[in-house]
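S.K.: Checked TrEMBL, it gives:
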TRANSMEM  B:6-22  transmembrane segment
TRANSMEM  B:34-52  transmembrane segment
TRANSMEM  B:72-98  transmembrane segment
TRANSMEM  B:110-127  transmembrane segment
DOMAIN    B:129-422  domain 'NADH:quinone oxidoreductase/Mrp antiporter transmembrane'
TRANSMEM  B:133-151  transmembrane segment
TRANSMEM  B:163-186  transmembrane segment
TRANSMEM  B:236-259  transmembrane segment
TRANSMEM  B:279-298  transmembrane segment
TRANSMEM  B:305-323  transmembrane segment
TRANSMEM  B:335-353  transmembrane segment
TRANSMEM  B:413-431  transmembrane segment
TRANSMEM  B:452-472  transmembrane segment
Amino acid sequence: MEAVYAICVGLLTFSGVFLCLRGRTFPVVMGLTLLSYAVNLFLFSSGRLKLDGAAILGTSYSYADPLPQALVLTAIVIGFAMTAFIVILAMRARADLGNDHVDGRLPPQPEAKPRRKKEHA
Amino acid sequence: MSEHLTILPILLPLIGGLLLLLPPLGTNLVRQRAGALVVAVLTLGCAIALLLQSQQAGIQLYVLGNWQPPFGIVLVADRLSTLLVLLTSVLGLASLLYASAGDDRTGAHFYPLILLQLMGINGAFLTGDIFNLFVFFEVLLIASYALLIHGGGKQKTQAGFHYVALNLVGSSLFLFALGILYGTLGTLNIADMSTKVATLSDGEKVLARAGGLLLLAVFGLKAAMLPLHFWLTRTYASACAPVAALFAIMTKVGIYSIYRVHTVIFGANAGDLAFMAQPWIWPLALLTLLAGSIGALASPNLRELTANLVIVSVGTLLVSVALQSKAATAAGLYYLVHSTLVCAALFMIADLIGQQRGKACDRFVMSRKVRQPALLGIMFFVAAMAVAGIPPFSGFVGKVMLLQSADSTSEMFWAWPAILISSLVTIVALSRGGTTLFWRRSSDKTQADPASPWHIAAVVVLLAAAPLMVVLGGPITAYTAAAAEQLHQVPASLDLLLPGGSS
C-alpha cells in the first residue's frame with residue numbers, strides 16, 4: 001500500500017511541476033491543481049497509512065490520526081478557492097492581453113526559412 | 001475584555017471587513033471609507049494595548065475553544081509579535097488614509113479587502129501554531145491577489161498572474177513541509193515542536209531537516225530571498241500606491257517566519273539540527289543585497305527603485321538572521337520596523353510625484369515641473385536619507401546596530417562591506433533619480449492638481465517614524481533587545497506556552 005501511495009503522490013507531483021513550467025496559462029492552472037492533489041494526499045499520509053482505523057474515540061479498537069484529516073480538509077478548501085481565483089485571473093489575462101501566454105506576450109517566432117527562389121523557371 | 005485582547009487584532013478587521021460588505025455601509029463609498037478608518041483606528045488601539053499588556057504581564061497565551069496546547073489552536077502574543085502587529089496597524093491606517101483621496105474609486109471592494117489583508121497579516125504574527133501560520137498566509141495572500149489587480153489594466157493582470165502562480169506553488173511547498181514536519185514531530189505547535197526536535201532518531205532527523213529547509217524556501221519566496229525575488233519588482237511597481245505601501249510588510253512576514261521557525265524550532269536547542277539553515281542564509285543574504293543594489297541602479301522609475309530597495313532591506317534583514325546572535329536579532333527588528341515604514345512612504349511619494357509630472361509619471365526622464373517641489377522634495381529627501389542610512393534618521397541607527405552585532409572577524413568581513421556598499425549604492429541610485437525627478441524640467445507649463453491632504457497625512461504618518469525612532473531610540477532598542485531575548489530563550493517560557501506539558 002505504501003509503495004503504491006508513494007508512487008501516486010510522486011507521479012502527481014511530477015506531472016504538476018512539469019505542467020507548471022509550461023508556457024500557456026491553462027497547463028499552468030492544471031499543474032497547480034495536480035500539485036494541490038499531490039499535497040493533499042501527502043498531508044493525509046503524514047498521520048501514517050492505516051486501514052479500518054476510526055478517527056473518533058470509542059468506536060473502534062484501532063484508531064487513525066484525525067489531525068491530518070482536518071488539515072487536508074482545510075487544505076482542500078483553500079486550494080479550491082485559489083484554483084477558482086487563478087482560473088478567473090487566467091481568463092481575465094487572456095481577455096486583457098490578447099493571448100494566453102503566462103508572460104502576457106507570445107515569444108518571438110523563429111523565422112521561417114526563406115523559400116529558395118526558382119532561378120531557372 | 002483584557003483577556004480577549006490577543007484575538008482582537010484578528011477579529012476586528014475580520015468583522016469590520018464583513019460589515020463593510022453589507023448594506024448600511026457597503027452601498028456607499030464614503031460610509032465604507034469612514035467605517036474602514038474607524039476599524040483601523042480601533043485595531044491600532046488594540047495593538048497598542050496588547051503591546052503594553054505583553055510587556056507588563058509577559059507572554060499572552062490565548063487558547064481558542066479552551067483546548068489546551070499542544071492539542072488546540074493557540075495565539076501567542078509575545079514582544080516580537082505584538083511589535084509587528086502594531087507596525088501592521090500603523091501601516092494599515094496610513095494606507096487607508098492614502099486611499100481615501102481617491103484610489104479607492106478605481107475598483108470594487110477596496111476597503112473590505114484591505115481589512116481582510118490586515119487580518120491575515122496580524123494573524124500570521126500572532127499564531128503559535130505552524131498550520132495556522134499557513135492558513136493566515138493564505139488569507140493575506142488571497143486578499144493581496146485581489147488588491148494587486150485593484151484598478152485593472154494590462155500591467156497589473158500580467159504581474160498578477162505571475163504573483164498568484166508563484167505563491168500557489170509556494171503554498172504547495174509549505175504544505176509538503178508541514179506534512180513532513182508533522183509526520184516526524186507529531187505536533188504543529190511551535191513551542192512543542194521546539195522541544196521535540198532534539199529527540200528525533202537519525203532517520204527522522206534527515207526528514208525534519210528536509211522539512212525545515214523546505215520551509216526556508218517557502219518563507220524565502222514570500223520574503224524575496226535571492227533566487228526567489230524576481231517576482232517582487234514588477235508586482236510592487238505595478239500595484240497602486242496604497243496597496244504597494246501595505247505590501248511593504250508582506251516581505252517582512254516571510255522574515256518574521258524565518259525568525260520564528262529557524263531560531264525557535266531549529267535554534268540552539270535543536271541538537272544536531274541546530275541552526276541548520278544558517279549555511280544557506282549567509283550567502284543568500286549577501287547575494288540578495290547585491291541583487292537588490294544592482295536592481296536599484298538599473299531601475300527606470302521611482303517605483304521600481306523602491307521595490308529594489310525593499311529587496312535590499314530584505315537582504316539586510318537576512319544578514320541579521322544569519323548572524324543569529326541576540327544582538328543581531330534586536331538590531332534586525334529595529335531595522336525591520338524602520339525599513340517597512342520608510343519603503344511604504346517611498347511608494348506613496350513615488351505615486352505623488354508621478355501624479356504631478358503628467359505623462360512622464362515617475363520615470364527618470366525630463367518632464368514638466370512638479371506642482372509642489374518644496375513639499376515633495378522634502379518628503380523625498382527625508383525618505384531617501386532614512387532608507388540609505390544617513391545620520392539624523394532611523395536607517396542610520398538600525399544599520400549601525402546591525403554592524404555592531406557582527407562580533408567575529410569573519411562575520412565582519414562578509415557583513416560590513418555588503419551592508420555598507422549597498423547603502424552607498426542606494427545613495428547613488430536615489431540621488432540620481434531625485435535630481436532627474438525634481439531638476440530636469442521641460443518648458444511645459446501645465447500644472448497638475450496639488451496633492452490632497454489625505455495623501456500628505458498618510459506620508460507624514462509614515463515618515464514621522466524616521467526621526468521619532470531616533471528620538472525614542474532608547475526605549476525602542478530596549479524593547480527590541482527584550483523581544484530578541486524572548487525569541488532566543490524559548491525554553492524559559494515553555495511552562496507558559498505549554499501549560500498541559502508537551503504531547
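FYI, residue positions are counted from 1 along the chain as it appears here.
Every residue gets a Cβ built from N, Cα and C, even glycine.
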S.K.: Can you find at least 3 Cβ pairs under 8 Å between the transmembrane segment (B:133-151) and the transmembrane segment (B:236-259), where each pair is 6 or more residues apart in sequence?
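M.R.: Yes, since the transmembrane segment (B:133-151) and the transmembrane segment (B:236-259) share at least 3 Cβ pairs closer than 8 Å, they count as touching.
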S.K.: Looking at the transmembrane segment (B:305-323) and the transmembrane segment (B:413-431), are there 3+ C-beta pairs under 8 A, with each pair at least 6 apart in sequence?
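M.R.: Between the transmembrane segment (B:305-323) and the transmembrane segment (B:413-431), contact is present.
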S.K.: Out of B:34-52, B:236-259, B:279-298, which stretch has the largest tally of CB pairs under 8 angstroms to the transmembrane segment (B:452-472)?
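M.R.: Ranked by Cβ pairs under 8 Å, first place goes to B:236-259.
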S.K.: Quick one: do the transmembrane segment (B:34-52) and the transmembrane segment (B:110-127) have at least 3 Cβ pairs under 8 Å, skipping pairs fewer than 6 apart in sequence?
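M.R.: Taking Cβ pairs at least 6 residues apart, the transmembrane segment (B:110-127) and the transmembrane segment (B:34-52) are in contact, with 3 or more under 8 Å.
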S.K.: Give the nonlocal contacts of the transmembrane segment (B:6-22) in its own chain as ranges (CB under 8 Å, at least six residues past its ends).
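M.R.: For the transmembrane segment (B:6-22), the sequence-distant neighbours (Cβ-Cβ under 8 Å, at least 6 residues beyond its ends) are 32, 35-36, 38-39, 42-43, 46-47, 50, 60-62, 64, 75, 77, 85, 89, 92, 109, 111-113, 115-116, 118-119, 122-123, 126.
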S.K.: Go through the chain and flag residues at least 6 beyond the ends of the transmembrane segment (B:72-98) whose CB is under 8 A from any CB in it; none is fine as an answer.
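M.R.: Long-range Cβ neighbours of the transmembrane segment (B:72-98): 5-7, 9-10, 13, 33, 36-37, 40-41, 43-44, 46-48, 50-51, 53-55, 59-66, 111, 114-115, 118, 121-122, 125-129, 132, 189-191, 241-243, 245-246, 248-249, 252, 256, 259, 333, 336-337, 340-341, 344, 348, 454-455, 457-459, 461-462, 465, 479-480, 482-484, 486-487, 493, 497.
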S.K.: Which residues of the same chain, at least 6 past either end of the transmembrane segment (B:335-353), have a Cβ under 8 Å from a Cβ in it?
M.R.: 83-84, 87, 90-91, 94-95, 98, 236, 240-242, 244-246, 248-249, 252, 255, 301-303, 305-306, 309-310, 313, 316-317, 320, 362, 370, 376, 379-380, 383-384, 386-387, 394-395, 397-399, 401-402, 437, 451, 455, 458-459, 462-463, 465-466, 469, 476
S.K.: So, does the transmembrane segment (B:110-127) come close enough to the transmembrane segment (B:236-259) to give 3+ Cβ pairs below 8 Å, pairs being at least 6 apart in sequence?
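M.R.: Between the transmembrane segment (B:236-259) and the transmembrane segment (B:110-127), contact is present.
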S.K.: Same chain only, please: residues at least 6 beyond the ends of the transmembrane segment (B:413-431) with a C-beta under 8 Å from a C-beta of the stretch. Say none if there are none.
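M.R.: For the transmembrane segment (B:413-431), the far contacts come to 282, 285-286, 289-290, 292-294, 296-297, 299, 305, 308-309, 312, 315-316, 319, 323, 384, 387-390, 399, 402-403, 406.
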